[in-house]
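J.: The structure is given below, and queries will be raised subsequently.
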């Protein structure tokens, strides 16, 4: 693909040049080619976007629930019509296999938008009787202008997960995509405008997180920030949001999730789940189950089943329908993952497979890392303690249920957890003791629109998806009505 035209900001229904004068490049990680130069939003651009959003939000909030619902449904239709086009762009920008982006990224994002479009007319208040002459009623009102800050692993899906409930509740959103993968969020802005969204209700500001993101979190005109990213960055976003104007926040942060295989489990099922929990999207999924606990007596058999499945991984041309494994998203991220792999070797973990870059025709110029499985791991190893965010599985053994629950919870993270067992009683007993916000039994990874997702501990605050997320983009106004004569003591 030839280099794209320079990408601008999207403010008030159209493209506009950044006032900062700064740009950055976005790279195709499969081959290292530059996809596009992208303009970076500065402080003045954030001010412009907020002013635009304030104007648009008033128009949007004044529309009826059914009018807003119809517009968002039109956006859903356009997303589905352009699924393949958007998936190709997402593959170029992220490196993910087209077999994945064409069936997951836009599809699941559109599903979430459709879900919230349907919920808009059901967003209602309550009535509370006090006595015969007085009652209270409540209204759920939009917050105003909110900000979404996305991560680089699911660019358009995250933009939809954040914008869908925000817009459904009557807010305007300013979205800052990751500077690593900024392209599809700009396309989403075009689609919203085409669907009839008033100008300013969805503005997109590409830029460097440390600058553009900080300007958004500090801006007094922003009522809420929804952030997806790493724990350290999330803490900065939360601190800036609180210090500036006590903004509400939703944080979807990192994870080091446990996958527990019990001795009664079907090991073929367990191996299939472990593969999806570690190598889907080349391991760049925040909920990945990278700490795989297996009974000591099952370890050898489980390892053989994993090795057999690693042979089924197909890396290569990301547009080949048979490819199911792409490069990492960037060269700096590849180098970071390789440092973790080197650390695992240094600390005594045994490499079962992988452990290096992928080499050969088609791989040398890209950010490729081989699917890697470590075994003979211990809880104190760096690869077991820290989030790697790459195709690296760690296999650990255990002896008892109580032991594995304790060890699974021995982490600062609490995003996800899962178990594989044939015993339904054990499944619920163990899941209820695991300290994680998203849990799976005999499956892994699905996050449907109806399911609230978010983390415990350092893995986040608040939830995305589900009814409660729509409510989190509103504020409740309570009104007391008195029909009798008011009595004053003065």
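A Cβ is built for glycine as well, from the same backbone N, Cα and C atoms used for every other residue.
For reference, Swiss-Prot lists these features for the protein:
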type	residues	note
BINDING	26, 27, 93, 180	K(+) 1 binding site
BINDING	150, 151, 152, 176, 177, 178, 179, 230, 231, 232, 233, 254, 286, 387	NAD(+) binding site
ACT_SITE	162	active site, charge relay system
BINDING	246, 457, 460	K(+) 2 binding site
SITE	248	site 'Seems to be a necessary countercharge to the potassium cations'
ACT_SITE	252	active site, proton acceptor
ACT_SITE	286	active site, nucleophile
MOD_RES	286	cysteine sulfenic acid (-SOH)
ACT_SITE	464	active site, charge relay system
J.: Pull out the recorded positions from the set 93, 252, 457, 460 whose C-alpha sits within 10 Å of the C-alpha of residue 286 (NAD(+) binding site).
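T.: Checking each Cα against residue 286 (NAD(+) binding site), the hits are 252.
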J.: Nearest to residue 457 (K(+) 2 binding site) in three-dimensional space, by Cα, is which of the recorded positions 152, 179, 464?
T.: 464
J.: Provide the number of Cβ atoms within 10 Å of the Cβ of residue 246 (K(+) 2 binding site), excluding the reference atom itself.
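T.: Excluding its own Cβ, residue 246 (K(+) 2 binding site) sees 9 Cβ atoms within 10 Å.
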J.: Give me the largest Cα to Cα distance among 150, 151, 152, 176, 177, 178, 179, 230, 231, 232, 233, 254, 286, 387, the residues the record lists as binding NAD(+), in Å as a whole number.
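T.: That value is 24 Å for the farthest Cα pair.
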J.: Fewest other Cβ atoms within 10 Å: which of the binding-site residues 26, 233 wins that one? Let me know.
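T.: Counting other Cβ atoms within 10 Å of each of the binding-site residues 26, 233 gives the minimum at 233.
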J.: By CA distance, which of the binding-site residues (177, 179, 231, 246) lies nearest to residue 27 (K(+) 1 binding site)?
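T.: Minimum Cα distance from residue 27 (K(+) 1 binding site) across 177, 179, 231, 246 lands on 179.
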J.: Provide the three-state secondary structure of residue 248 (site 'Seems to be a necessary countercharge to the potassium cations') computed with DSSP.
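T.: Assignment for residue 248 (site 'Seems to be a necessary countercharge to the potassium cations') reads strand.
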J.: Taking 8 Å from the centroid of the Cβ atoms of 26, 27, 93, 180 as the cut-off, which other residues in that chain fall inside it around the K(+) 1 site?
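T.: Once 26, 27, 93, 180 are set aside, the remaining close residues are 25, 28, 29, 35, 94, 152, 179, 181, 182, 183, 329, 330.
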J.: So which recorded positions are near residue 152 (NAD(+) binding site), with CA atoms within 10 Å, out of 93, 162, 180, 246, 248?
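T.: Matched recorded positions: 93, 180, sequence order.
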J.: Between C-alpha atoms, which of these binding-site residues comes nearest to residue 464 (active site, charge relay system): 180, 231, 246?
T.: 231
J.: Write down the Cα-Cα distance for residue 248 (site 'Seems to be a necessary countercharge to the potassium cations') and residue 231 (NAD(+) binding site), rounded and given in Å.
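T.: A Cα-Cα distance of 17 Å.
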J.: Where residue 180 (K(+) 1 binding site) and residue 150 (NAD(+) binding site) are concerned, what is their Cα separation in Å, rounded?
T.: 10
J.: Do me a favour and check the Cα-Cα span between residue 162 (active site, charge relay system) and residue 246 (K(+) 2 binding site); whole Å is fine.
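T.: Cα-Cα distance, residue 162 (active site, charge relay system) to residue 246 (K(+) 2 binding site): 20 Å.
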J.: List the recorded positions among 150, 233, 246, 248, 252, 460 whose C-alpha is within 10 Å of the C-alpha of residue 93 (K(+) 1 binding site), in sequence order, or say none.
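T.: So the list is empty; none.
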J.: Quiz question: given the recorded positions 179, 252, 464, which has the greatest number of C-beta atoms lying within 10 angstroms of its own C-beta?
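T.: Result for the most crowded candidate: 252.
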J.: Excluding near sequence neighbours, so keeping only residues 6 or more apart in the same chain, what lies with its CB under 8 A of residue 248 (site 'Seems to be a necessary countercharge to the potassium cations')?
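T.: Residues satisfying the criterion: 143, 223, 224, 225, 241, 472.
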